[in-house]
Amino acid sequence: EDKNTHYYYNFIAGIVISKQSMFEALTKLHLSTTLSSSPFVLISTQKTTPQGFQTNEYADAQLQEIVRKMRERATVYKEKLKDPVLSSPEGSPTASEVKPEEDHYCDMLCCKFKKTPLKKYMTYLQLPDSIDSYTDRRYVAWLMLVTVAYNWNCWFIPLRFVFPYQTSSNTIYWVAIDIICDICYLCDLLVFQPRVQFLKGGDIISDKVEMKKFYHSSMKFRLDVISVLPFEVLSIFFGFNPAFRANRMLKHNTFFEFNDRLEAILDKAYIYRVIRTTGYLLFILHINACLYYWASDYEGLGSTRWVYDGQGNMYLRCYYWAVRTLITIGGLPEPQTLFEIVFQLLNFFLGVFVFSSLIGQMRDVIGAATAGQNYYRSCMDNTVSYMNTYSIPKVVQNRVRTWYEYTWDSQGMLDESELLEQMPTKMQLAIAIDVNFAIVNKVDLFKGCDTQMIYDMLLRLKSIVYLPGDFVCKKGEIGREMYIIKQGEVQVLGGPDGTKVLVTLRAGAVFGEISLLAAGGGNRRTANVVAHGFANLFILDKKTLNEILVHYPDSEKLLMKKAKVLLKEKGKPAPGPPVQQPRGLAGLFGQKQETPKLFKAMLGGKGKAGLAKLLQLKRERDIQKPKPEEKKLPEPAASSAPPAQKEEPNADTKPKPPAVMHRGTTNESLIISMSPSPTAGEGEILKVEAKEKKRK
C-alpha cells in the first residue's frame, strides 16, 4: 500500500513520465487506463477491471477529480488567451468563506442543549502572555471583579468602623469576604497587571520583561502595593478594627480604568454614565450618614435634639438626615452645641458644592446622550421655519417632515458622512467594506476590476433616501448616475401611458450602470423608476468614477469593453411578432427579398415606380440607336448617374435626349459610397463620383 501511495502522490505532483511508466504506475494502483497517441496522457472515464486485478475505487475517484480540475483550469486559460482584456492581474475581493463549526450537544434527562467544546473553552480561558487592555474582553471582566472588591471595601469599611454591625458572632463572615477581596488584589498585582501591553514611542510593547519593568516603575504599582499591605496584624496588639483596612481604598486606579474600558465597548455608554453618577451621589450620602452617626455617638446618642436618638434603624435614620442636609431641604432640628454648629455648617457647604457638581455632571451626561436628538430637532425646526417664511405648500412641507423622521429613525443621524469624516481614511475604508462591499460585489460590471479601485469606489458612494412615489429617474433624462438599492423597493414603469409596472427591484439590485460608461454621452433613460416605499439608495455618479479610473487604466479598459457589450445588448431590437408562413404552392418559394436601398437611390424611385422608369429608359434606348458610320465615344450610362459634362453643340447633329442610354466602354470609373452624416439624426449620405482612369 505504501508503493501505491507513493505513485499516487507522484501523479498529483505533476511528474511527467512516459507512456510505459504511466501504464506501470496505474497498473500498480489497480487502475485501467487508455493511452492516446498524443503527447498528453488522457485518462479514460470508462472503468475497466482487467483480469487478475482489483480496482481501487478511492484512488480512481481522486484521479477523476484531478482530471476534472485540470480540464477546468485549461478552459479558463483558453478563455484568457482568447480575450486577455477580461483577465485582471488582481481579481475583485470576495468574502472569505468560513467553515461552519460543528455543533456539540449535551443530553441530560429529556433535554438536549448545545454546549461549547471543552478544549475550545479551556483555550479561551487560558491566560495570554500579553494582554491588550483595549480589546481583550477577558481583561475587562477581570477588572469588573476587582472593582466589585474595591467597592466592597469603600462601602463597608466606613460602615463597620462607625456603626456597630460587626460583632464577635459574625466576625468570621466579614473576615472571609475580606480575604476573598485581598486575593483579588494580589492576583491583579502579581498576574494581570505585569502582562498589560503599553505604548512606547508609538510601538506596542508586548515583551514580558519590558511589560513587567514598565508596571513596576509606575505610580499605579506603588499604590497597588500599599493597598495590599496587611495592616490587620496590628489587631494582635490593638484588637480587631476595620480601620486597619483603610489602605484597601487606594486601589482607585483600577476602578477608573474599568469605567473607561466598559464605556468603550458598550453600545449605549450614556446609560452607564448615568448609573455611575448616581452611584457617586449615593456614596457621598453614605459617607455623610456615617459621619453623622459618628458625631452623634461622640456627643452622646439622644443627648440633644440634633443628634440621633438611638431609636429605629440606625443606618436608615442617619441616611435620611444626610439626604436632607446635603440637598438642603431644611426642617432639621437646630444644633445646640458648638461642635454641632460647626459640623452642620461644614455639611451645608459641602452639600452645596458636591450636590451642584453632581447635578452639573448629570446634566452633561444626559446632554451628551441626547445631543444627536437635539441636533435633529434643531435642523427640523430651522427647515420648517424656512418653509413657513417662503410660504412653501403644505404638501411639500409634509414630505420634508416625513423625510426627516424616516432618515432619523432608520439610521440614527441625518448625514453619515459627517461621522466618517472624523476618522482616518483606513478606518473609513474598513467601515465601508463591511457595510457596502456585499452590495457592490453583486454588480457584474465591476467583476474582475482592480481591488483597490473597488475600495476607492466604496468610499465615494453616497446614500440618499427617497420617499414613496418619488421619481428616482425619469424617461428621457440624461443618465449620469448608477443606483444600488440598499434598502426598500423601486418600480420600473413603462407602457403607453407610463404607469404600467414592468419590474420591481429590491435590495441588492442595480440599475443605471450603463450610464456611467456611455462614451459619447447622451445616454437617455428609457423608463421611469419610482420608489415604491421608503427606499435607501447608493449613488455613484459618472464624474466620480472617471476621477477614480484615471489611476486604474487596466480597469478602465475592462469597464469600457463591458460597457460596449451591455450597450449592444441594450440596442438589440425587441423581437417582433412571428412571421406567418405562406400557404399552398407559395410556400415552396422563399420570401421575396427587399429591393436594395442603393438600387432605389440610383433609379430615383422606390418599388414599382423605379422598375417602370427602368423599362421606359430601355425602350427609348432601343428606338434611338446610333448609326454605324457615326463614330462617337458613348456617354456613360444614365443609371450610373455621372456628373453632367458640358460639350459644345454641333450644328449638324441633333441634341440627344438626356435619358438615352448607350452601349460601349469608357475610360471613367464610377465610385459609389455611403458615409454617415455629420449631423446626428440625419442618417447616411450617398456619394457618387466619376473619376477618369489613368492611361498607361
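Note that Cβ sites are derived from N, Cα and C of the backbone, with glycine treated the same way.
Ranges compared are 270-294, 445-469, and TrEMBL records transmembrane segment for 270-294. Beyond the transmembrane segment (221-240), the same-chain residues lying 6 or more positions past its ends with a Cβ under 8 Å from any Cβ of the stretch are 171, 182, 185-186, 188-189, 193, 215, 247-254. Residue counts for the domain 'Cyclic nucleotide-binding' (445-549) under DSSP (helix as H, G, I; strand as E, B; rest coil) come to 25 helix, 41 strand, 39 coil.
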